[in-house]
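*Asks:* Have a look at this one before I ask anything.
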Amino acid sequence: MRIILLGAPGAGKGTQAQFIMEKYGIPQISTGDMLRAAVKAGSELGLKAKEIMDAGKLVTDELVIALVKERITQDDCRDGFLLDGFPRTIPQADAMKEAGIKVDYVLEFDVPDDLIVERIVGRRVHAASGRVYHVKFNPPKVEDKDDVTGEDLTIRKDDQEATVRKRLVEYHQQTAPLVSYYRKEADAGNTQYFKLDGTRKVAEVSAELATILG
């Protein structure tokens, strides 16, 4: 079961990735984690990646694909894997295909931008414990105070509206074209494509995923 998750930041991919990993026992493959692990291990690919990153450059698609290929041969990927945040662009998707990495399911989480902004901008965090609240969907008992310690809650820099809207613009420019790319792949019989309404309750989306994935 090889799965790609698509959807804007804040569309609920992370929550559902957790559900899929726990239910089906497959690992989530993050290219960022892979790069860090390869650099730490000092593998040939890791040394190449380190050289590029130390020079302040972006790691090439070829190198990332090579890392993905290496990663999916490991034992924990025997029953499949989950890719979130990769591929981000059509050249990356093409490179994956050319490398012979087959994808069984592409799952798109669809949520309107304004709702994503509301979801993210309303987050409040208790930095010391990592507890997360939301002014509308999961408010603290006392406004802007942590329920347990009574300490102040803060807004993460990444959760500010201007930052969120900028990330959404980048997503629509760069990653959204993958939607039509993978729809065509599904039409050609190379994968299965499903679009999920991410505005629903978490449990409802999870139930639909369980039906799709079996």
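Including glycine, each Cβ sits where the backbone N, Cα and C put it.
Predicted, not measured: the structure shown is a model, and the values here were computed from it.
Got these off Swiss-Prot a minute ago, pasting:
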{"type": "BINDING", "residues": "Gly10, Ala11, Gly12, Lys13, Gly14, Thr15, Arg123, Val132, Tyr133, Arg200", "note": "ATP binding site"}
{"type": "BINDING", "residues": "Thr31, Arg36, Lys57, Leu58, Val59, Gly85, Phe86, Pro87, Arg88, Gln92, Arg156, Arg167", "note": "AMP binding site"}
{"type": "REGION", "residues": "30-59", "note": "region 'NMP'"}
{"type": "REGION", "residues": "122-159", "note": "region 'LID'"}
*Asks:* If you count the other Cβ atoms within 10 Å of each Cβ, which of the binding-site residues Gly10, Gly12, Gly14 comes out on top?
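*Replies:* That would be Gly10, with the highest Cβ count within 10 Å.
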*Asks:* Filter the binding-site residues Thr31, Lys57, Val59, Phe86, Arg88, Arg156 down to those whose C-alpha lies within 10 angstroms of the C-alpha of Arg123 (ATP binding site); answer none if the list is empty.
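*Replies:* If one measures from the Cα of Arg123 (ATP binding site), the binding-site residues that come within 10 Å are Arg156.
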*Asks:* Based on Cβ atoms within 10 Å, give me the single least packed residue among the binding-site residues Arg88, Arg123, Arg156.
*Replies:* Arg156
*Asks:* Could you state the whole-number distance in Å separating the C-alpha atoms of Arg156 (AMP binding site) and Gly12 (ATP binding site)?
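*Replies:* Distance (Cα to Cα, whole Å): 18 Å.
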*Asks:* Here are the binding-site residues: Thr31, Lys57, Val59, Phe86, Tyr133. Which has the lowest count of other Cβ atoms within 10 Å?
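*Replies:* Comparing Cβ neighbour counts within 10 Å for the binding-site residues Thr31, Lys57, Val59, Phe86, Tyr133 gives Lys57.
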*Asks:* DSSP on the region 'LID' (122-159): how many residues come out helix, how many strand, how many coil?
*Replies:* 3 helix, 12 strand, 23 coil
*Asks:* To the nearest whole angstrom, state the Cα distance for the pair Gly10 (ATP binding site) and Arg88 (AMP binding site).
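*Replies:* The separation of the Cα atoms works out to 16 Å.
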*Asks:* Tally the residues of the region 'NMP' (30-59) by DSSP class, grouping H, G and I as helix, E and B as strand, and everything else as coil.
*Replies:* 22 helix, 0 strand, 8 coil
*Asks:* Round to a whole number and give the Cα-to-Cα distance in Å for the pair Thr31 (AMP binding site) and Tyr133 (ATP binding site).
*Replies:* 28
*Asks:* Quick one: of the binding-site residues Gly12, Gly14, Tyr133, which has its CA closest to the CA of Phe86 (AMP binding site)?
*Replies:* Gly14
*Asks:* Compare the Cα of Lys57 (AMP binding site) against each of the binding-site residues Gly12, Gly14, Tyr133 and report the nearest.
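*Replies:* Going through Gly12, Gly14, Tyr133 one by one, the Cα closest to that of Lys57 (AMP binding site) is Gly14.
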